[in-house]
Amino acid sequence: MNALAATNRNFRLASRLLGLDSKLEKSLLIPFREIKVECTIPKDDGTLASYVGFRIQHDNARGPMKGGIRYHPEVEPDEVNALAQLMTWKTAVAAIPYGGAKGGIGCNPRDLSKSELERLTRVFTQKIHDLIGIHTDVPAPDMGTNAQTMAWILDEYSKFHGHSPAVVTGKPIDLGGSLGREAATGRGVVYATEALLAEYGKSIKGMTFVIQGFGNVGSWASRLIHEKGGKVIAVSDITGALKNPNGIDIPDLLKHKEATGSLKSFNGGDSMDPNELLVHECDVLIPCALGGVLNRENAADVKAKFIIEAANHPTDPEADEILSKKGVIILPDIYANAGGVTVSYFEWVQNIQGFMWDEEKVNQELKKYMTKAFHNIKNMCQSHDCNLRMGAFSLGVNRVARATILRGWEA
């Protein structure tokens, strides 16, 4: 089942649980606006190349729309639609005043020089500058984009609208980026894990963890779990997989990856089959990489007691059912990886006030938001007698539905 079908299914189940009006349900699913623009740039060799850029703005009932911009060759409209919708529910679960959006350009950033990427970003911004804005739609980095991309968007947007640091988040610190943004998603995953484990009278210290994906989110989560006394016994990324039953020395592994660009040939662990990683014996499994990695083929063999969905949509619905029957507790992506967008919100707030926070304040606030959201989800689970995924979805959908009704959607 693809991401859109799964998101729609979860939305429908949540709306049944809440007893939403069927007309309202339909209205909530349809995106507010879909934008498609043609971006033609001169390549470095003087020839012209054309790309398609787009932005899907899903919902603005609770505030300006928020979501990433990805540069990727296969930008599937369906997937982008699902991700925009997911942002609407995710921001509502985290109780931050945004709706969802997502966008990007169909290109392969690896095939473009830095100056070509800059020209492409600027042309894209020129085409959509009047459809984004501080109180309208606030983009952020995603696959294939980074802080530099945001800096170009900010600069180009400011040519039309005056200096507007709050128009994008995930900016370089020197241009109004927030301290703590880099580690935010991974740190949020750890706060979410702590909140869940506390519910079962456990803590990170002494538990065993398996982490799939060692990019930004996976490496920060590993580092923080290691600092808190958790044992990371296996990790993997695109270059390979490692295990060490006594716990991997994460700071050492980070140094090794920094130096070699790979997890291979690290002497603090034995290499293992990456496919075995997800079914490795452990207390907590944290998928931080791609969607759909837990499916009906491997779900029955998962040995973890808790799964923390740091990636988007790592568990497909069939696996969800198999794992629930086994009594595995799944902390859903829509909550578990909301640390990133929460600190993006803090960045936006700081830019609007023109007053920057220190890192300690950012992390403190993030912990407050993540912990509070967990308790709100638990309350939803109790009042609707459902699992954490449905608790989170119904919390998010309910907040958006209430805002929509209060604003007078039938008039």
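Cβ from N, Cα, C; glycine included.
Here the structure is a predicted model, which means the values were calculated and not measured.
Marked as active site, proton donor by TrEMBL: Lys102. Counting only same-chain residues at least 6 apart in sequence, those with a Cβ under 8 Å from the Cβ of Lys102 (active site, proton donor) are Arg55, Ile56, His58, Gly67, Gly68, Arg70, Val80, Asn81, Leu83, Ala84, Met87, Asp142.
Sequence annotations record features per position, and here TrEMBL assigns substrate binding site to Lys66, Lys90, Ser344. Annotation for Ser344 (substrate binding site): same-chain Cβ neighbours under 8 Å, separated by at least 6 residues, are Lys66, Val138, Ala140, Thr169, Gly170, Ser178, Arg181, Ala184.
Here TrEMBL flags Thr185, Asn216 as NAD(+) binding site.
Summarising the environment of Asp142 (site 'Important for catalysis'), the number of other Cβ atoms within 10 Å of its Cβ, over all protein chains shown, is 20. The site 'Important for catalysis' annotation in TrEMBL covers Asp142.
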Near-site residues: substrate, ref Lys66, Lys90, Ser344, CB cutoff 8 A to centroid: Gly67, Met87, Thr91, Ala94, Ile96, Tyr98, Gly100, Ala140, Ala338, Gly340, Val341, Thr342, Tyr345
Alpha-carbon spacing, Thr185 (NAD(+) binding site) to Lys90 (substrate binding site), which is rounded to whole Å: 13
Whole-number Å value for how far Lys90 (substrate binding site) lies from Asn216 (NAD(+) binding site) (Cα to Cα): 20
Local Cβ density at Asn216 (NAD(+) binding site) - other Cβ atoms counted within 10 Å: 15
Site diameter for substrate, Å, by largest Cα distance between Lys66, Lys90, Ser344: 13
